[in-house]
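Q: Take a look at this one; I'll ask things after.
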There are 2 protein chains.
Amino acid sequence: MAVQKPSIPKGTRDFSPEESAKRSYIFDTVKRQFQCFGYQPLETPAMENLSTLLGKYGDEGDKLLFKILNSGDYLSKIPQGDLTPESSSPLATRISEKGLRYDLTVPFARYVVMHQNEISFPFKRYQIQPVWRADRPQKGRYREFYQCDVDVIGSTSLLNEVELLQIIDTVFEKLKIKVVIKLNNRKILSGIAEYLNASERLTDITVAIDKIDKIGLNAVKDELIERGVSADSVGKLEPILLLEGKNQDKLNTLRKILASSETGIKGIEELETILAYAESLSLSTPIEIDLSLARGLNYYTGAIIEVKAKDVAIGSICGGGRYDDLTGIFGLNNMSGVGISFGADRIYDVMAQLDIFPAESAATSKVMFVNFGEKEAQTCLGLLALVRKAGIAAELYPDSAKMKKQLDYANRKGIPFVALIGENEIATSTMAVKSMASGEQHQVAFHQLNDFLTNQ
Amino acid sequence: MAVQKPSIPKGTRDFSPEESAKRSYIFDTVKRQFQCFGYQPLETPAMENLSTLLGKYGDEGDKLLFKILNSGDYLSKIPQGDLTPESSSPLATRISEKGLRYDLTVPFARYVVMHQNEISFPFKRYQIQPVWRADRPQKGRYREFYQCDVDVIGSTSLLNEVELLQIIDTVFEKLKIKVVIKLNNRKILSGIAEYLNASERLTDITVAIDKIDKIGLNAVKDELIERGVSADSVGKLEPILLLEGKNQDKLNTLRKILASSETGIKGIEELETILAYAESLSLSTPIEIDLSLARGLNYYTGAIIEVKAKDVAIGSICGGGRYDDLTGIFGLNNMSGVGISFGADRIYDVMAQLDIFPAESAATSKVMFVNFGEKEAQTCLGLLALVRKAGIAAELYPDSAKMKKQLDYANRKGIPFVALIGENEIATSTMAVKSMASGEQHQVAFHQLNDFLTNQ
């Protein structure tokens, strides 16, 4: 067989031990908080039936689904007449029944509908799994990436929104990332559309507003006009988007503007309740009402949330909102829920840029025993068992290679201590333990090694 | 849009919160031991280039690869003449470039070759990720399942084999599964083939022997004859497969039988060294030399290992061995390694059958605060923050629903305690904490809740 130079598909990544360990640190931190707030894990398969996925993410999303070729004779039932070089699109769903999941929300909705009789509602679940999108790969955008979703479904209480804000607050505090939470409400956006006499344009308006951060106010205005919103309406919208001041000031002004919109007022009241709770909990993360926050996804119906890092210019690193009819597409109505998703890849980038991964996240051995030969190795094996029993990661270099090679290995792997046990050390039951960072050497009795390592 | 009844692809599974939590318990236990022995995590993408995967698992394996349909106009470059209902097989690799990984070994080999200049050898890595196979689904066999692999590559020392035996010993001790380790060596199998004058039949012999557990000795003999091994050779093989007694007795007898085979003797010596180390470490898991152990995979060249549960009739729950040329397929020679893979799904089945998942693996809240209304909820939120700060999972029922509904929820979710805080309790800063199991009720002062919960 000819030897091939290996590669991986574009848009995908290998994660080295160092990267994997750092990623685990993020996942573990997030997971611990999810659990602390009473959320339970859920896992769904990587492959879903295409019928579950298609039509849920818009035409653009359908195109970005990775489809899995049917096994076996996938063409045998396709008539010759249907097989032409132009038939890629119509044939796709006839030769592939399954696709890779595109997000964790649709599989979650599917799960809830399939298991509605076993689930104890409100159902608080978290899910940390990869998703796949056939997007054009570019810096910071991958074809395989992880989502960390946390949702509660089956409760309309605004305490759930408050709880998600608490989770955001705690997670980023633990990760030591300074963030600001942006908050808005779809009902307010509906109210604004009513006020503009453009209710039937709500989607156009939210889609356009959603881009304000990227393309700026003027471009958004142009786009609205292009989408058929009247110049008069666009003129009335501008001061709303430019509203400044404290949250309560914004809401007070808005309450006057939207006075005639029942929906709009409802949205304002919801935000006021949420903010009052948040205030009483003295969260350390600032929360800002941002009326230009729209979030593209159509299924949101209440509060919408986005989190931005303060010290790094990057898009939102967490976001979500309230939806009233996510499970309706699968036949289960009246299931209101609210959830957020942490963007692990962007959080990683932020932490890498700020260089704030803690040393413990390295996941390497605390000590390596140098291998001086068979007899010495035998002694090391016994000591290793004791060290590991105390939960301390440790290893013995497997070959009695040259000292330099062994120390190089420890160094490259970031192992902080090496233990040297030769004939003399065996005779005195004492070893030399060397700190790789300082070069300092300590004499440590065999039975005191655990204590020594624990205190370092 | 017509409402569809949702389902998932056959051979795949959703994991409920309870199942996910138990699975996590297994993964976390395994992972902790891997780390304790100095292994570091690695993650590779779910999708690999088909060129990486094809030809690595035999013809049968190639057929079981899930292939991913190319995005966009995947047919546009295929000439009309090549498009026929009979062309499923030749067309497959022209319309799909990527496939889902089939195991973790080939991606590991690929990674090592691609990153050989950055890796500090010996490279000790673990990898816990799902793999996909288009097998016919049946009881206990799934199309998506997890592998937990641990390998060290770049060292020929037998200490690595010993270390893997230690890991097996510790992992199953922690999981409280009684197991026995079966050990053999490919070099011994080669020696046996030499002794039978059937060296060129080594693969046939190992493939046939591999089935002895499933189909019995007689059927294996029939199969060997069918595969063209002489009746004489098969006659000479039988007593070897039936060898009984202690490990050392087996090896002593074998040493005589294989006296003229250098390879065979080498294999015997390797096993003796490994067993001597294992003995000195007083592992609690018994190790049995099993000369009928072959393991189907062709790439093994030294020790081969398999682990069986003692109290549950199920196939092997962990297995692996030494390979000398795994990376050769990708152009990197002389990279000996050894590794094992834990079968998480079977381990789960064993633990479920023996009912030995610890209560802590449930991953549910320790306490739920009953929701009596807005004012009371406000008080609960403050207390919740304190409880969670102590790392104790806790929640507030989000709606002030009927008491029965709230208690039902706590019950179904397996939450051991509920806290009741009404008007009186607020006035006295004392709450009633009820044990869901015993029904017993305790008066607990607000500031003593953490202590109370920690001591339960």
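Glycine too: its Cβ is placed from the backbone N, Cα and C atoms.
Please treat TrEMBL annotations as automatic predictions, because they have not gone through curation.
The model shown is predicted, which means the values in this text are computed figures rather than measured ones.
Okay, these came from TrEMBL:
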- B:Asp103, B:Leu104, B:Thr105, B:Arg133, B:Gln147, B:Asp151, B:Arg295, B:Tyr299, B:Tyr300: L-histidine binding site (BINDING)
- B:1-398: domain 'Aminoacyl-transfer RNA synthetases class-II family profile' (DOMAIN)
Q: Fewest other Cβ atoms within 10 Å: which of the binding-site residues B:Asp103, B:Arg295 wins that one? Let me know.
A: B:Asp103
Q: For a quick check of understanding: among the binding-site residues B:Thr105, B:Gln147, which residue's Cβ has the most other Cβ atoms within 10 Å?
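A: That would be B:Thr105, with the highest Cβ count within 10 Å.
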Q: Name, in the order they occur in the sequence, the residues of the same chain whose CB lies under 8 A from the CB of B:Tyr300 (L-histidine binding site) and which sit 6 or more residues away.
A: B:Arg186, B:Gly321, B:Arg322, B:Tyr323
Q: Return the average pLDDT for the domain 'Aminoacyl-transfer RNA synthetases class-II family profile' (B:1-398) as a whole number.
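A: Mean pLDDT across the domain 'Aminoacyl-transfer RNA synthetases class-II family profile' (B:1-398) comes out at 93.
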Q: Reduced to three states, what secondary structure does DSSP give B:Arg295 (L-histidine binding site)?
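A: Note: B:Arg295 (L-histidine binding site) is coil by DSSP, not helix or strand.
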Q: The record names B:Asp103, B:Leu104, B:Thr105, B:Arg133, B:Gln147, B:Asp151, B:Arg295, B:Tyr299, B:Tyr300 as the residues that bind L-histidine; what is their largest Cα to Cα distance in Å?
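A: Across B:Asp103, B:Leu104, B:Thr105, B:Arg133, B:Gln147, B:Asp151, B:Arg295, B:Tyr299, B:Tyr300, the widest Cα separation comes out at 22 Å.
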